[in-house]
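Visitor: What TrEMBL records for 535-574 is coiled coil. Residues or ranges marked as region 'Disordered' by TrEMBL: 44-87, 584-608. According to TrEMBL, the repeat 'PPR' annotation covers 197-231, 307-341, 347-381, 382-416, 417-451, 452-482.
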Amino acid sequence: MLLHHLTETLIKTQRFQSHAPPCTFLPIRLFSFATPEEAAAERRKRKRRLRIEPPLSSLRHQQLPRPPPSAVPQNPNAPKLPEPLSALSGNRHVLHNRISKLIRENDLEEAALLTRHSIYSNCRPTIYTCNSVMAAQLRQSKYAELLSLHRFITQAGVAANVVTYNLLLTLYLDCRKTDLALEQYKQLINNSPFNPSPTTYRILVKGLVDSQELEKALEIKDEMAAKGFQPDPTIYSYLMLGQAKNSNADGVFKLYEELKEKLGTEVIIDGVIYGNLMKGYFLRKMVAEAMECYRKVLGEGSRIKMSAVAYNYILEALSKNGKFEEALKLFDRMKNEHDRPKILSVNLGSYNVIVDGYCAEKRFNEAIEVFNSMGEKRCSPDPLSFNVLIDQLCSNDMLAEAEQLYKGMSDKKVSPDEYTFVTLMDTCFKENRPDDAALYFRTMVDSKLRPSLEVYNRLVDNLVKVGKVDEAKSFFDLMQPKLKMDDDSYKFIMIVLFEAGKHEDVVKIVDGMLREDPNELSEEVEEFVREWLKKLRKEDVVTNLKLEIEREKAEAAAKVAEEAERAKASARAAIASLLPSKLLGNKDRENKETEDESPTDFEATPLSVHGELLNGKEVDETSAEVIPATEDIQDETVEAERNLANELVTV
């Protein structure tokens, strides 16, 4: 029975399942809304929440622990750190290459201009680019341009590095401004965020030695040691050279022994020290010891490391102490060893020493030959090299050769300086060639060089001596705006013109001085001119000239005032034209009617026939009360301006 019951139950279940409808699964839609209105309301709610609540990223930033405040507050006046070398990349590197190309083409003016223009552009030059331009200006002795560019980049906030300070130190020391150089050094020590380099001390010590300030140079050497710098043989060589120039042989040997003691060795490997050591031996008349030192340093198997500078010191010691032939042999050896860029044993200084030696031996043709052979070793002369040789040639009656050398300066892309032109000018006067001398002076001025007042006086004096008064007067007119002339210069040219019967030119000079700067005409010069004019019975010329200038100044001032009044009237008319015509239409109509009603015979009287105006006041005919007319005019003007403002706001 139980089995039968189970069988029937199973059959019924299968029958019900076969007739049951298929099961359908409805997808569950999360974030769905019953109506579009609910969806729109949710969107508006979400937008409001986003506008009010901060983003999650800001919350995460707020949860980060803040670094503790520094115990030492930052000084806003602290100097800026210079940019690292890695800043010279990308577009700034491209700009650096452009400026470097201009420097190689000797277009320093354009290079400096491009640097200035780039300072406030989106590609700001680095301090390394600025230093390249300033170094090129320093090489060509363009000191004013260098200082101007340095001032510009400093004001623009370009942080200087140690190379910038080194350039400024070199500039001041080249100009023999040792006080400024020492002040710049103190600023570097006290205020800069970096320390001076060994090159800084080399520049400073060498400049002080060249300026005959050996004691200060020795102090700098001691200060360098106190700051922990290693003893530098190059600095000791400069100091030994200074002692040798002062003929102090004991000082030379004292410095040599001090260097050996600090280095802790008996043999100094750097050969830069031995040339000046030989000079110490020569000062003591110890020629054998000097030559023994020479053979020990340059002999076979020597461990001494020689550079071009070290060779040059030995060349100078030999050539200036009666061993010029030995110096020539050493010079040939140096040229044979020279192998750029691996071995540099010859530089411009080497050729300068040999040229000086030939000139001292009166062998000028050989000196010129050696000078012209610099290009074989890829050495380029500078203006100083040309000036030394030109001076030697001019001093030994070889003006033609000196002029030939001067003409070759342009081929070597070397610009002559004031010393070059002045040397040639003086030599031309000695050779009775005043026209050529005047031409050299004019070329110097056209080259934007500024000769001194002494050079100008020498030129004018020599021209007057040969009877060229007109040329002297033309150079006076040329140089008067460029030089600050003293009373003696003015009196000299005035005496020349008076003696030549050209007092009108003197009056023109005085007239120009009074018009440009009345203070330039001193009482001494004015009295001098009056005395000369008195001899010509023209003593009132200066007084009349002053009165005429004062009258012209008064007329000019009156004209300026008149122009100012005219400008004010024009401005008032322009402002009046901006007021809408409808605001002033009624007023103009009333004024026109008043003019038509007023009789012409009484227009000039203060009281009109109808009693409307009385000395600028209105009269009420019914009460005969006098009312100021200006109050109504002011009220109408204020009302018109208020209406205009309201209209502008409406528009």
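Each position is counted from 1, following the chain as shown.
Glycine is treated like the rest: Cβ placed from N, Cα and C.
Describe each of these features in terms of where it is and what it packs against.
Guide: Each residue in the repeat 'PPR' (197-231) gets a DSSP state, and the totals come to 26 helix, 0 strand, 9 coil.
With a cut-off of 8 Å between Cβ atoms, the residues of this chain six or more beyond the repeat 'PPR' (307-341) that come close are 234, 237, 241, 270-272, 274-276, 278-279, 282, 287, 290-291, 294, 297-298, 347, 349-350, 353-354, 356-357, 360-361, 377-378.
Under DSSP, the residues of the repeat 'PPR' (347-381) split into helix, strand and coil as follows: 26 helix, 0 strand, 9 coil.
Remark: secondary structure over the repeat 'PPR' (382-416) totals 22 helix, 0 strand, 13 coil, with classes taken from DSSP.
When pLDDT values are averaged over the repeat 'PPR' (417-451), the model yields 93.
Distant neighbours of the repeat 'PPR' (452-482): 418, 422, 425-426, 429, 434, 437-438, 441-442, 445, 488-489, 492-493, 496-497, 500, 502, 505, 512; these residues of the same chain sit at least 6 beyond its ends, with a Cβ under 8 Å from one of its Cβ atoms.
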Visitor: Residues sitting near the repeat 'PPR' (197-231): Cβ under 8 Å, six or more positions beyond its termini, same chain?
Guide: 162, 165-166, 169-170, 172-174, 176, 178, 181-182, 185, 188, 238-239, 241-243, 245-246, 259, 262-263
Visitor: Could you give me three numbers for the repeat 'PPR' (417-451), the DSSP helix, strand and coil residue counts?
Guide: 26 helix, 0 strand, 9 coil
